[in-house]
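Working notes, beginning with the structure itself.
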Amino acid sequence: MYKELAVALGLGTLVALVFLKKRKGVLKAHDGWWGVGACPQGPEDDSIRPFKVETTSEEIEDLHRRLDQTRSFPSLEDSQFNYGFNSKYLEKLVSYWRNDFNWRKQVDKLNKYPHFKTKIEGIDIHYVHVKPKSLAEGTRAVPLMMVHGWPGSFYEFYGIIPLLMEPSSPDDITFEIICPSIPGYGFSEAPHKKGFDGVCAAHIFNKLMKRLGFNQYYVQGGDWGSLITTNMAQLEPNAVKGLHINFAPPGKAGLLMMLSILFGRRFPKLFGFTEHDVKRLFPTMEKLVVDAIRETGYMHIQSTKPDTAGRGLNDSPVGLAAYILEKFSTWTDPEFKNLEDGGLERKFSLDDLLTNVMIYWTSRSIISSMRFYKENFSKGLNQPHAKLPVYVPSGVASFPNELMHSPKSWVTQKYHKLKTYTPMARGGHFAAMEEPQLLAEDTSVSTRDKHDSK
Ligand SMILES: *[C@@H]1O[C@H](CO)[C@@H](O)[C@H](O)[C@H]1NC(C)=O
């Protein structure tokens, strides 16, 4: 009796193992329909339309009226950015926005690169597509898609695009760059149906690259962009030649990760932990809990009832700027919350920060951008893509002030062909905007690596 049970159990395990092995491999996605109402019959309109960012006097006057009508509210004394965006500095920002910021000029800057829109799965997808002007004899530009996150936009890449397109050394790769707006962000249409998550975005972006005529290409991303580009690599490992991310949240907790959490502090070498790894991974229990509560409130709101909180931000440019730019302060350097001005101008210009806010404001996309969190978390953690490794050659740039830190030994658990893992000299969450030179170099190096090894 026991013997039979044992044999049955053994066989069962074997079958399960074979089955699990089989299931490994490629992630599958179904075509979606995210447009209004039912999916129409017949082929999709796959035309590509040039697009220009535009503005009108009415739009600017409406903004100014709302800025003039803001009701200020004093921050507590000596609170800096610890209670959220400091009101004294907010008054300064609003005054700059109202009197000095020139949206028309920024619109021209946005239009410096060619924009396009094309319909995929029922919604308009917006993207910037930049080709290098001149190429050396016999060389080809390498297509690279760069995907932004929240609360960023395609504009985050405006500083890095020229660096990747006009490399300083002749050995460097020249890229042709495509920066889409995630559906529901900026000038991409928001999905009209529930359930649009990272895999759905990845499926659409892979289709976009095919539509542009690329059978093989590279992808790069931070924040949601890192999830989406990772999903792109999982969906189409033959099309995505290489992946570079500057955000690698700890993946599924496997045995090695568990052991490294338990013993990594005492035996860092055993798990390949650097000093920086130990510092980042093992803060005091108090810091761990306090930081988690203090810095993730926005995530809780956006993952549960985005439409309620979002409505206020959709009406008030000042509220929207405070909500978005507080992240550009704290996510650039956690110590910036102890500064009166949130350190915002240490790494960014007000023109760049406000341009990013204006992309959300004029496209009315804050609510739909927040919904991406809801769709992400409501599906639970046990998603097929979360369990699936990535088999595409990958590079990870690990910036010291990134929100979540994953040591190399964790990253290799998920990214099986990790080619480069670079502890970066400085920088935080908005790497493309904050440290374009460093990010461009690492993207280029990790891609060249993959090129040569082919
Ligand atoms: C949500 O995002 C996290 C972090 O990127 C990821 O680990 C998880 O798999 C995502 N869930 C879904 C349903 O995409």
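One-based numbering along the chain as shown.
Just so you know, glycine gets a Cβ as well, placed from its N, Cα and C.
According to TrEMBL, the features are:
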DOMAIN    48-157  domain 'Epoxide hydrolase N-terminal'
ACT_SITE  Asp223  active site, nucleophile
ACT_SITE  Tyr373  active site, proton donor
ACT_SITE  His429  active site, proton acceptor
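Listed in sequence order, His148, Gly149, Trp150, Gly152, Phe247, His429 are the same-chain residues six or more apart from the residue listed as 'active site, nucleophile' with CB atoms under 8 A from its CB. Looking only at the domain 'Epoxide hydrolase N-terminal' (48-157), the predicted model's pLDDT averages out at 96. The Cβ of Tyr373 (active site, proton donor) lies under 8 Å from the Cβ of Trp150, Met299, Gln302, Ser303, Pro306, each of these being in the same chain and 6 or more residues away along the sequence. Helix, strand and coil residue tallies for the domain 'Epoxide hydrolase N-terminal' (48-157), in that order: 37 helix, 26 strand, 47 coil [DSSP]. Taking all protein chains in view, 23 other C-beta atoms sit within 10 angstroms of the C-beta of the residue listed as 'active site, proton acceptor'.
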